[in-house]
Structure formats: structure tokens, C-alpha cells
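Copied over from Swiss-Prot:
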SIGNAL    1-17  signal peptide
MOD_RES   Gln18  pyrrolidone carboxylic acid
BINDING   His36, Glu186  Zn(2+) binding site
DISULFID  Cys69-Cys177  disulfide bond
DISULFID  Cys194-Cys202  disulfide bond
Amino acid sequence: MDRVFLLLSVLSLGVSSQPITDSQRLFSIAVSRVQHLHLLAQRLFSDFESSLQTEEQRQLNKIFLQDFCNSDYIISPIDKHETQRSSVLKLLSISYRLVESWEFPSRSLSGGSAPRNQISPKLSELKTGIHLLIRANQDGDEMFADSSALQLAPYGNYYQSLGADESLRRSYELLACFKKDMHKVETYLTVAKCRLSPEANCTL
């Protein structure tokens, strides 16, 4: 982790002299980080689902499809076409807010295993990297708005004392939303990174 922060610091110092090269390197680190988090989210969700009875899975999936994730309050592209039309800075800004929205909820995902305990620190590393990318890709026409004032509603009553059935639902919801959001961030960062390679085909 120290090596990652050192590299991020070095790259941030060189942004003004070699913006394209530095952005490429930062993007590679960020994409690698979010890919790891997305795979981890998929595994945690799969493990949780496998511990449920078939009827429990069916009911929870039905409820989740009718519910909303906390991050749905963050405006993002509605489909792959809008994603491809979005600017690099817009994709980075949305990714930053999505990652930031998990800083507190991720604590409830930690504990019990080494992979779970990696979630919060890796989210913090990813947020730092995306912030450096935003700084490197800002221009006078398009500026990143600070999201520090952005307040999202909590995940229902997830943090309260719940009955067994409700606790099961909240755990399912949290893991499903985390997987969904990490998939979004991976998609946005991958498309944004591709934009820096004019010869590349960025079709989703």
C-alpha cells in the first residue's frame, strides 16, 4: 500500500509536465484497484447468496429489484450510450462520488475475513487516485464540483438493531448495491482511460 501512495504522490507532482503519461499510469492503477474491488464484491455477494435457502434468495432478489441503492441519488449515465458520450471529467466525478458514498457503509462489510477487511482501505486508495485524475484532467471549461456537501440518505435502518429477517434483507441489499456500484465505477474508469488512447476502440 505504501508503494501505491508513493507512486500516486510522484505522479501527482508530474501532472503539469507530462499530463497524458501520468494520467495513463494513474488510470492503470485506478482500474486495477476497482477491478479488484468489483471481483471481491462479486465473491462476497455470491458467498452470501449460497448461504441462503432457495426461497430466501427468490424473495430477497424480488425485494431488491423494487428497492433503491443509496447511491441511486447520484446522477449517472442511464445506459452505455450515455456513458460513451460523457466526458472524461464527468465519468471521473461520478466515480469519485460513488466511491465516496461507500466510505461509511463499507465499515459494515468489514470483519470476519481478510478480504472483507481490505474493502475500506482499498476504497480509500481508489478515492485518492481518482481525485488525482480529476485534478489532472480539469480545464477551464469543465471543473469538478466539490462533493463534500453531498449528503446521501443512509441505507434505510441498516445500522439499527433489526430482527433476523430484516437483518438478512439489509445484508443482501448492502452487498448487492456494493457489487452494482463497483461495476459502475469499473465501467466509467475503463471508458475514461480508453479516451486517452485515440487509436483504441472504446465501445462497451
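Sequential numbering from 1, following the chain as shown.
Using the three backbone atoms N, Cα and C, a Cβ is placed for every residue, glycine included.
As the structure is a computational prediction, the values presented were derived from the model and not from experiment.
Known features from Swiss-Prot, placed on the structure.
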| residue | record | Cβ neighbours (10 Å) |
| --- | --- | --- |
| His36 | Zn(2+) binding site | 16 |
| Cys69 | disulfide bond | 20 |
| Cys177 | disulfide bond | 23 |
| Glu186 | Zn(2+) binding site | 21 |
| Cys194 | disulfide bond | 18 |
| Cys202 | disulfide bond | 15 |
DSSP three-state assignment (helix, strand or coil) for Cys202 (disulfide bond): coil
Alpha-carbon distance [Glu186 (Zn(2+) binding site); Cys202 (disulfide bond)] in Å: 14
Nearest-integer angstrom distance between the alpha carbons (Cα) of Cys177 (disulfide bond) and His36 (Zn(2+) binding site): 16
Pairwise Cα distance for His36 (Zn(2+) binding site)/Cys194 (disulfide bond) [Å, integer]: 19
Glu186 (Zn(2+) binding site) and Cys69 (disulfide bond), Cα-Cα, nearest whole angstrom: 17
